[in-house]
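As structure tokens, the structure follows; a few thoughts come after it.
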Amino acid sequence: MQGIYTAIVTAFQDNGKIDEKGTRSVIRHSIDHCKADGILVGGTMGERYKMSTESMKRLLEVAAAEINGKVDMAANISAISREEVLELESAAAANGYATATLIAPIFHKYSEEEIKQYYYDIADHSKLPLMIYVIPSFSGVNLTENMLETLLEHPNIIGMKFTHNDYYLLDRIRVKKPEATLFTGFDDILLQALLMGTNGAIGGTFNLTGVFAKKLYEAACCKEYETALKYQRNINDVEDMLNETGLFPTIKATLQVMGVPCGELKTPSMPITERQREQGKKILDYLERNGG
């Protein structure tokens, strides 16, 4: 794994079912316009925890059919129960995914030993290599440096998606596990993460800012850091506008303004507002004026 991966939104119908045609449009936009190196299906931006296991399995199938080998595919197999995780992993493997991301077990409070055994158990049974999905702001689970080092000792746990603002921790893992595949999940500090030796990024705002992210990545690889910083600021300008009216709904509102039919957020999220749609128009204008 290397480069810029879009954590795609999932398109939903008004009844909450997956809009397969809309999801295919989201994927085509990311591949054809944003030039993504890979796609993460069913991540946080894709509203994984709002979907049933059957819906997620269907999403994995639809996305794989649309991607059809054009770019790398990663699947988020996180779920509440072990059985669901393994069911999703099996579906991802059957549909040709290269990698699976997995969030630590949530809701109940588990010891470090319990979390280790959870990851090792899934890794032992997984046909796909696993990426630890570090996202404490959503999961409520803080994985320590020692815990991450221990998890990365398993031969089938190859790295992590690091959606966390502790970049000292990221640096320590990079130094101590130079062979690990490390991706940042925070788009607003992509350049800093690349300078610290990450392999790339998996980002939700890349549904909109993927062109900037890809150009940033290419510039950083060529050590053209002033150019890379320019694109980082483009990404951050868009993120500022998204945060003004709500990150998740405004990403979908902007995609709709762009002609990508991605539907509403799945309940219990509120419907997209007129203010968010107007903000989407402003974001589209910014993207067009700045080559995004």
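Placement of Cβ uses the backbone N, Cα and C atoms for every residue, glycine included.
Record features (TrEMBL):
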- Tyr133: active site, proton donor/acceptor (ACT_SITE)
- Lys161: active site, schiff-base intermediate with substrate (ACT_SITE)
- Ile202: pyruvate binding site (BINDING)
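Taking CA atoms as the reference points, the residue listed as 'active site, schiff-base intermediate with substrate' and the residue listed as 'active site, proton donor/acceptor' are 5 Å apart.
The residue listed as 'active site, proton donor/acceptor' sits 11 Å from Ile202 (pyruvate binding site), counting Cα to Cα.
Comparing Cβ neighbour counts within 10 Å across the recorded positions Tyr133, Lys161, Ile202, the minimum falls on Tyr133.
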